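What TrEMBL says about this protein:
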| type | residues | note |
| --- | --- | --- |
| TRANSMEM | 20-38 | transmembrane segment |
| DOMAIN | 109-553 | domain 'Amidase' |
| ACT_SITE | LYS154 | active site, charge relay system |
| BINDING | LEU203, SER229, ILE250, GLY251, GLY252, SER253 | substrate binding site |
| ACT_SITE | SER229 | active site, charge relay system |
| ACT_SITE | SER253 | active site, acyl-ester intermediate |
Amino acid sequence: MQALQNIQHFLKGVKMDNQTAALLTGVACAVGSVVVLVKKISSHRKAEEKIMRAKSRREESLQRAEQAVLRYKESHPTTDSFFILALSLSELTKQLKEGSLTPEDVFYSYMEKTLALNKKLNCCTEVLLESLDQLKTVGSNKDGLLYGVPVSIKENVAFKDHDCSCGVIINLDQPVEKDSVLVQVLKKQGAIPFVKTNLPQALLSYDCSNPIYGQTVNPHNPQKTSGGSSGGEGALIGGGGSLLGIGTDIGGSIRIPASFCGICGFKPTAGRLSLQGVRPIYRGQKTVSSSAGPMARDVDSLALCMQALLCDHMFSLDPTVPPLPFNMEIYRSSRPLRIGYLENDGYTQPSPSMARGVREVKALLEQAGHTFVPYCPLKMNEIVPELWLRGLLADGTTSLKGGPVDPCLKPQVFEYRLPKWLKKIISFLLKPVVSVPELWKQHAAVEDYIHETIAHWRSCKIDVLLCPVIGPAFNFLYCGKTSVNTNYTFLYNLLNFPAGVVTVSTVTAEDEEEFEHYPNKFNKVFKEAVAGGEGLPVAVQCVALPWQDELCLHFMKEVEQLVKQSKK
């Protein structure tokens, strides 16, 4: 009681009129606002400082690489870089092993090309200056399948003492402590990882832009995106600055840039290659499996890369990877194939050029003696929203906290950036839906869908599948506005089927004209996204059942060869 009386006595002593109370309340609010503003300014300044340091590191690495190239050219004036850059990977590795080319000549030829290309395309996040030292000792790995080959790697593939930011500011200034398993195996096989390549913020777009390194553009048209999320790889290889690169794919992130940039890309069965040291934007998402895979100019390069990576060294470094060496017999098989095909999956309509690409390749394969069976994926209207999107974006883009959202992502992220009070209401209402039992049900639904699809595949008695891929390359800022046609790639991540992309043609004026006559119900934004695509690459997608990676690559090789022969 005494304490209460003391408080009352104190309050009487500080009794104030309404005007004073209002004044103090206003001051308190003002002080609070200032505190919030100061914190916001401080956070913004710290983010800007991180970005500046990252850009400074990139600029320093580019300058030092340029100086190294100049020194080498001055001391080796007879190096024929034009000849070297024109060689395929198989031709290059042959000449390196024979000694008719030196790793130094190859390395500096590609470094010079990459530096020039980066100025046009903004495809690199950093030159790996350690490659200059590795070049001096690469002779110890002369028996490696990739001896002396410069290899580019996506920014989220760990390389010791370098960031894996995934294009997110809060991940900067956190250099990794060791190389990823894939980088270790590449080095063991004599390859020289020499540059890291750009990606979209948080790997959440099939564009290629982030607030740290900016927008990567398409090597065939700088007014178009290179695709994503392995867009830096697509641009660098498509522009001739790299023979071979490593990307990652969780919804088409290897295949879409391959399609946009006119190269080949392969998404293996998830688990076939090690993901140790390959950074995702968030861990623990199990509904849709990610894969690391090769990107290159031709299919033989993809196969050689898979052969090099699927070795005892990788199986030893990562025992969770099944010890399945590359089966060259299947890759080189000549038996006729029974091929499923589709121009339209019943969910979205591909662009005229991509549908034409499938038709033309189908005709070539039929002439070569292969058999075709019409095929249509199951339950597309159900699996797109319920299984794929719900599983992949279950975090509501919380992974983007700690910095500004890149313009290419804003349209698709907006719906997840709701006010906290509204999120709380939604969270309360949806709590039974996103409970652990419901998550298990979702995983079970994915398993059921995989088994149903395999049964459907076998009932059609097909070996492989030919289908469209998203394309041609989009105009800037449209990837975040529409997800139309991404179902043609993400389906095979959900199913965990190996899938690859082969460039087969270019967009014609007739393709552009046909787009004008597409039905009104067709997505208007998609038409705007691909407008002005004449001359851009056209690709097709090849798919096989899980763990039949070599068969998928064999099918891709068959497509590539027949297309080349038809052009002659």
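Note that Cβ sites are derived from N, Cα and C of the backbone, with glycine treated the same way.
Overlay of TrEMBL annotations on the structure.
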{"residue": "LYS154", "record": "active site, charge relay system", "contacts (Cβ under 8 Å, 6+ apart)": "LYS196, THR197, LEU199, SER229, SER230, GLY232, GLU233, GLY245, ILE246, GLY247, THR248"}
{"residue": "LEU203", "record": "substrate binding site", "contacts (Cβ under 8 Å, 6+ apart)": "ASN156, CYS166, GLY167, GLY228, SER229, THR248, ILE250, SER253, PRO280, ILE281"}
{"residue": "GLY252", "record": "substrate binding site", "contacts (Cβ under 8 Å, 6+ apart)": "TYR206, VAL469, ILE470, THR486, TYR488, THR489, PHE490, ASN493"}
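The residues near the substrate site, meaning same-chain residues not in LEU203, SER229, ILE250, GLY251, GLY252, SER253 whose C-beta sits within 8 angstroms of the mean position of the site's C-beta atoms, are TYR206, GLY228, SER230, THR248, ASP249, ILE254, ILE256, SER290, ASN493, in sequence order. The binding residues for substrate are recorded as LEU203, SER229, ILE250, GLY251, GLY252, SER253; their greatest pairwise CA distance is 11 Å. When Cβ atoms from all protein chains are considered, those within 10 Å of SER229 (substrate binding site) total 34, not counting its own.
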